[in-house]
Protein chains: 2
Amino acid sequence: MLIEERLKEIQEKIKKKLPKGITVASVEFEGPELVIYTDDPKTFADQDDLIKILARDIRKRIVVRPTILEDPERAASAIRRVVGENGGISDIFFEADTGEVLIEAEKPGVVIGKNGATLRDITREIGWTPKVVRTPPIESSTVKQVRQYLRAAHQERKELLKRIGRRIHRDVISKDQWIRVTTLGCCREVGRAAFLLSTPESRVLIDCGEKPGNLDSNPYLYVPEIHPLTQLDAVVLTHAHLDHCAYVPLLYKYGYEGPVYSTPPTRDLAAMLQLDYLDVVNKEGKPIPYSSNEVKEYIKHSIVLNYGCVTDIAPDIKLTFHNAGHILGSAIAHFHVGDGLYNVAFTGDLHYGKSRLFNAAVNHFPRLETMFMESTYGGAQDMQPSRNDAEEQLYEVFREVLGRGGKIIIPAFAVGRSQEVMLAIEEGMRLEKFPQVKVYLDGMIKEATAIHTTYPEYLNSELRNLIFKEGHNPFLAECFEQVDSQEKRERVITGEPCVIITTSGMLNGGPVMEYLRNLADDERNCLVFVGYQADGTLGRRIQKGWREIPIGNRETIIVNLDCITVDGFSGHSDRRQLMNFVSHMQPKPEKIFTIHGDENKTIDLASSIYKKLHIQTTSPMNLETYRLI
Amino acid sequence: MLIEERLKEIQEKIKKKLPKGITVASVEFEGPELVIYTDDPKTFADQDDLIKILARDIRKRIVVRPTILEDPERAASAIRRVVGENGGISDIFFEADTGEVLIEAEKPGVVIGKNGATLRDITREIGWTPKVVRTPPIESSTVKQVRQYLRAAHQERKELLKRIGRRIHRDVISKDQWIRVTTLGCCREVGRAAFLLSTPESRVLIDCGEKPGNLDSNPYLYVPEIHPLTQLDAVVLTHAHLDHCAYVPLLYKYGYEGPVYSTPPTRDLAAMLQLDYLDVVNKEGKPIPYSSNEVKEYIKHSIVLNYGCVTDIAPDIKLTFHNAGHILGSAIAHFHVGDGLYNVAFTGDLHYGKSRLFNAAVNHFPRLETMFMESTYGGAQDMQPSRNDAEEQLYEVFREVLGRGGKIIIPAFAVGRSQEVMLAIEEGMRLEKFPQVKVYLDGMIKEATAIHTTYPEYLNSELRNLIFKEGHNPFLAECFEQVDSQEKRERVITGEPCVIITTSGMLNGGPVMEYLRNLADDERNCLVFVGYQADGTLGRRIQKGWREIPIGNRETIIVNLDCITVDGFSGHSDRRQLMNFVSHMQPKPEKIFTIHGDENKTIDLASSIYKKLHIQTTSPMNLETYRLI
Ligand SMILES: [Zn+2]
Ligand SMILES: [Zn+2]
Ligand SMILES: [Zn+2]
Ligand SMILES: [Zn+2]
Ligand SMILES: [Zn+2]
């Protein structure tokens with residue numbers, strides 16, 4: 001059936017369901033949503049459950065939009081009038097491509113009103129669909145830039161959402177029935193995650209990352225399986241770490257024109273880290289694989305989905321994100337293929353345990369036959385201490401090093417470990433577990449933290465309460481100080497004993513190099529590893545005991561300072577948690593592929609799961625293709 | 001390095017090795033061979049081992065050709081003069097594209113002379129490179145047509161061999177190292193054989209066949225792995241059966257422009273069967289997938305290799321064919337990848353046991369790590385009686401059916417089973433094991449038999465001796481009579497008790513249908529199955545006991561005649577032979593993939609080999625990709 005006929009049919013169906021007096025001007029697919037354009041959005045807003053009923057009947061995500069939008073200025077003052085002073089509205093953004101108005105307010109509850117009454121009042125007044133977000137306590141320039149960019153590109157974006165929407169809802173034509181996964185990276189190794197899920201109808205790429213510490217090892221994008229890129233239906237991002245997202249913008253350089261699905265925080269964090277990545281590569285004097293223009297293309301093509309929202313991304317594939325507990329916005333990507341045919345999930349990186357920031361990863365699904373799961377700490381010996389023990393060990397190190405007048409360098413991913421460690425340090429200092437010193441943040445850590453507070457609904461409820469109900473925001477504690485210039489960095493280096501949390505987390509470039517260069521020879525100082533050091537990175541080498549480090553230009557760093565690894569802060573599940581994650585899964589999957597781990601760990605985890613839990617397992621190699629059905 | 005520079009370098013190298021007085025005008029890659037053009041081929045011919053020495057040093061197959069070729073007519077009379085009456089020269093063909101002259105003679109030994117002396121005399125006289133073949137005792141119109149066509153296209157063929165040659169000898173550029181096999185058909189099923197062998201440099205397709213009895217199930221040529229077809233380096237044909245070669249011409253329709261490697265008999269048999277296939281499909285009123293023009297393209301692009309000849313087919317892949325014992329020219333395709341990196345073989349169809357026609361399949365290789373092996377009779381219960389017992393059973397059936405005045409219909413593949421059965425019948429009749437009756441051959445059987453006698457070196461030595469030394473050609477026995485018209489067919493149907501050997505072997509179309517339509521209701525008659533009946537074919541259904549057969553146009557055949565299966569004539573190894581084939585292999589392979597068999601048989605064979613012979617086995621599914629390294 002032609003897409004036009006299909007839309008016509010849907011419109012007729014909707015008309016029949018509508019109460020008298022409500023009209024539908026037109027319907028259109030925009031991205032994964034079906035948009036109903038109406039001349040009287042106000043009447044629509046009055047019909048409480050109408051949209052829910054329609055969505056269930058038509059089995060699409062439905063959005064209602066007015067055909068004509070009120071003048072933004074007039075609408076803005078109407079909003080302020082309806083909400084009143086109490087809401088603490090800090091900003092209002094009109095998104096012309098979606099007909100939505102984003103209301104940023106100190107007290108979102110007031111803007112929403114009891115059971116959404118105020119929100120409906122707003123809709124009735126202005127036509128625009130109101131969305132409310134909490135005014136972030138720390139402003140993120142990334143979030144601001146991303147929103148500005150999307151607003152500027154709204155005309156183009158409207159067109160491409162329409163194109164994507166029509167592609168998603170095209171007819172299914174093949175009579176063959178199969179589902180395959182091709183491994184394009186991240187098998188028997190950590191890094192360059194890239195998996196192709198394909199059916200006779202559709203192709204979806206899950207992640208497209210870098211190999212940490214190895215600029216030459218990209219995902220295998222040169223093999224024919226993924227070409228032509230124009231035939232790819234979707235890219236799905238599990239989370240914003242570079243080993244999962246660094247090469248997504250490159251796809252646009254190579255001709256990809258489709259959407260990238262992720263959670264909202266992942267979109268912003270990924271864009272931030274990609275730009276930082278270009279910067280780091282450039283500073284190392286190496287050619288950058290793509291430019292900031294391709295990052296913009298990525299943002300322009302991004303479609304964000306919240307946890308739990310079931311979304312059509314291809315004629316025969318529905319995607320749902322579930323919390324993975326690993327970093328802000330990290331997701332397990334669950335794919336439902338065909339009409340009840342098969343379900344496969346990719347865990348991305350996984351933390352099955354509650355942390356200061358996040359809830360434990362989800363392991364209950366409506367249905368699931370096959371899972372691709374990470375194995376970073378999948379080896380039989382990979383037990384991590386509890387978070388509590390880890391924190392006590394960190395405090396102990398702090399006491400000792402600060403006591404002898406040393407400085408503490410903590411290399412950390414800007415996203416994830418940094419925030420966990422910040423929260424532990426803030427509490428330790430508050431409870432006087434170690435001397436009061438400055439904690440400097442260098443690299444993208446401050447900005448990443450700001451993004452965390454922009455998406456409070458992605459933090460666990462305790463932290464959210466602490467910040468927004470009790471009014472205590474640990475990220476804003478006095479001890480934290482941003483390093484934002486070379487001059488400041490030099491002052492930190494020559495100054496008093498202190499703690500420095502800095503990127504990159506595996507010592508492959510970034511400001512940590514500058515600190516190392518200047519602080520490594522003083523044995524009072526201490527380098528504290530709190531995160532996973534991948535094979536081939538400088539971090540791993542120092543961890544293994546290297547004490548003379550060539551850093552280009554014939555320069556060598558002599559490592560005299562203490563090197564200590566504090567396990568237990570990881571955003572990855574340890575071996576026990578991974579086994580628990582699987583054994584408590586509902587339903588029990590038929591098949592598990594162990595990926596994202598060194599060769600012996602993926603193999604060891606696969607064989608343990610098979611032996612103890614009687615699930616068929618495989619530790620695939622890169623560049624293989626497996627039939628799931 | 002540019003290919004021109006490379007050729008220059010090789011030419012210099014050759015010059016240095018040559019004795020004084022021999023000059024090299026130029027060198028060129030033509031197909032897999034390096035051709036040395038010289039102004040004095042006669043001097044070259046005098047240097048006995050020169051070409052061998054050069055080939056070893058340069059590690060290429062070397063051919064010497066004169067820059068200027070003698071006028072064919074003058075050359076022909078020179079040949080006849082040098083050889084003399086004794087040789088029985090029946091024809092002489094000049095191949096202008098290769099500078100070869102094909103001398104067809106009753107007594108090839110005389111043309112060759114002692115230690116090749118006469119042949120060298122000829123070279124000295126005429127410049128053309130002489131090749132001698134035995135005058136076939138039965139003339140094949142296929143062979144004649146193929147040769148005529150190649151002669152007519154010689155200019156175009158010269159160009160394409162040069163193009164192919166330069167492609168084969170291009171530089172290796174990738175720094176990655178991997179070898180993969182993608183299964184595009186023939187896994188957990190019999191039919192539509194198609195396997196893609198790929199490295200970072202090269203891609204080779206092994207076989208491209210039909211699924212017997214199922215015109216809709218082609219190999220999975222629509223998946224991206226094999227595209228673009230212009231990037232395919234080579235197609236390699238294990239043998240001429242349609243489940244391995246039917247869709248090769250289609251590749252040219254879809255844009256493939258490269259070579260098809262096979263043994264010489266496979267080329268001719270495949271072309272014959274493809275044309276017959278088009279005819280059968282057309283007669284069934286179905287659309288043909290390609291036309292005879294694409295069969296011509298296939299012939300034009302074919303490159304033939306004899307057993308044991310190691311040949312470069314891609315910058316990093318060498319191909320060697322070994323006897324598979326299955327049908328005329330059937331081969332195990334052995335691939336040596338990289339410089340000592342890895343070896344993988346595809347058995348095609350396999351008979352590990354001597355038959356009346358062929359030697360047993362080869363299972364000793366210089367090196368071999370992985371093997372893809374057929375499993376047609378791989379189930380634990382798939383034991384076949386000995387060939388001798390099978391023949392005795394056949395004679396018994398003949399006695400009974402002929403004794404009661406019935407006719408015997410033997411559906412058989414034109415190639416393989418027919419000739420085996422003919423030899424058994426000829427001997428049985430000669431030894432008076434059953435009454436003397438006419439044995440009618442319908443379909444392509446006579447023509448296929450002619451092709452057999454065109455390539456005596458592909459028959460086993462006993463049969464070759466019988467025909468050429470003892471002068472007894474069983475294929476020419478008086479009892480055999482070709483059915484070459486509808487009138488004749490009707491006379492056979494209404495005539496005396498007799499034996500009818502006819503295609504197709506699985507009752508999916510062909511003249512056998514006509515016999516069945518007319519002879520099925522008489523219970524004195526008998527249908528004797530001597531070959532494998534694939535799932536989904538009419539043959540399999542009747543074997544299973546179907547007695548009412550709809551044959552289109554609302555017509556139904558009522559099966560009253562006897563249906564008997566005589567096992568033991570198969571061209572496939574039975575279970576015991578397959579296990580013996582593997583257990584006596586040298587070297588023992590590391591890994592075996594069981595293919596070309598029903599699901600339970602491939603799985604059963606894989607698990608038995610693993611348990612008894614401790615070799616890692618896999619029973620792959622279609623559309624998977626496996627890393628070998
Ligand atoms: Zn991660
Ligand atoms: Zn949603
Ligand atoms: Zn990761
Ligand atoms: Zn065969
Ligand atoms: Zn076969």
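Note: Cβ is positioned from N, Cα and C throughout, glycine not excepted.
Binding of Zn(2+) 2 is attributed by TrEMBL to B:ASP243, B:HIS244, B:HIS596, and the same site annotation extends, among B:ASP339, B:ASP349, B:ASP521, B:ASP522, to B:ASP349. When B:HIS301, B:HIS322, B:HIS326 are compared with the Zn(2+) 1 site residues B:HIS239, B:HIS241, B:ASP349 in TrEMBL, the one appearing in that site is B:HIS326. Per-class residue totals from DSSP over the region 'KHb' (B:70-137), listed helix then strand then coil: 33 helix, 19 strand, 16 coil. Apart from the site residues B:HIS239, B:HIS241, B:HIS326, B:ASP349, the chain places the Cβ of B:THR238, B:ALA240, B:HIS244, B:ALA324, B:ILE327, B:SER330, B:GLY348, B:LEU350, B:GLY416, B:GLY571 no farther than 8 Å from the centroid of the site's Cβ atoms, the recorded Zn(2+) 1 location. Cα of B:HIS326 (Zn(2+) 1 binding site) to Cα of B:HIS244 (Zn(2+) 2 binding site): a distance of 13 Å.
In this structure, B:ASP243 is the one among the binding-site residues B:ASP243, B:ASP349 with the smallest number of other Cβ atoms inside 10 Å of its Cβ. Among the binding-site residues listed (B:HIS241, B:ASP349, B:HIS596), B:HIS241, B:ASP349 have a CB atom closer than 6 Å to some atom of ligand 4, in sequence order. For B:HIS241 (Zn(2+) 1 binding site), applying a Cβ distance below 8 Å and a minimum sequence separation of six or more within one chain yields B:GLY209, B:LEU273, B:ILE327, B:ASP349, B:PHE413, B:VAL415, B:GLY416. Taking the mean position of the Cβ atoms of B:ASP243, B:HIS244, B:ASP349, B:HIS596 as the Zn(2+) 2 site, the remaining residues of that chain whose Cβ falls within 8 Å of it are B:CYS186, B:VAL190, B:GLY191, B:ALA193, B:ASP207, B:GLY209, B:THR238, B:HIS239, B:HIS241, B:GLY348, B:GLU374. Across the region 'Metallo-beta-lactamase C-terminus' (B:571-629), the DSSP tally of helix, strand and coil residues reads 24 helix, 12 strand, 23 coil. Across the structure, B:HIS239 (Zn(2+) 1 binding site) and B:HIS596 (Zn(2+) 2 binding site) are spaced 14 Å apart at their Cα atoms. The Cβ of B:HIS244 (Zn(2+) 2 binding site) lies under 8 Å from the Cβ of B:ALA193, B:ASP207, B:CYS208, B:GLY209, B:LEU237, B:THR238, B:GLY348, B:ASP349, each of which sits 6+ residues away along the same chain. In this structure, the binding-site residues that sit close to ligand 5, with a C-beta under 6 angstroms from any of its atoms, are B:HIS241, chosen from B:HIS239, B:HIS241, B:HIS326. In sequence order, B:CYS186, B:VAL190, B:ALA193, B:ASP349, B:MET373, B:GLU374, B:SER375, B:THR376, B:THR602 are the residues near B:HIS596 (Zn(2+) 2 binding site), counting only same-chain partners six or more apart with C-beta under 8 A.
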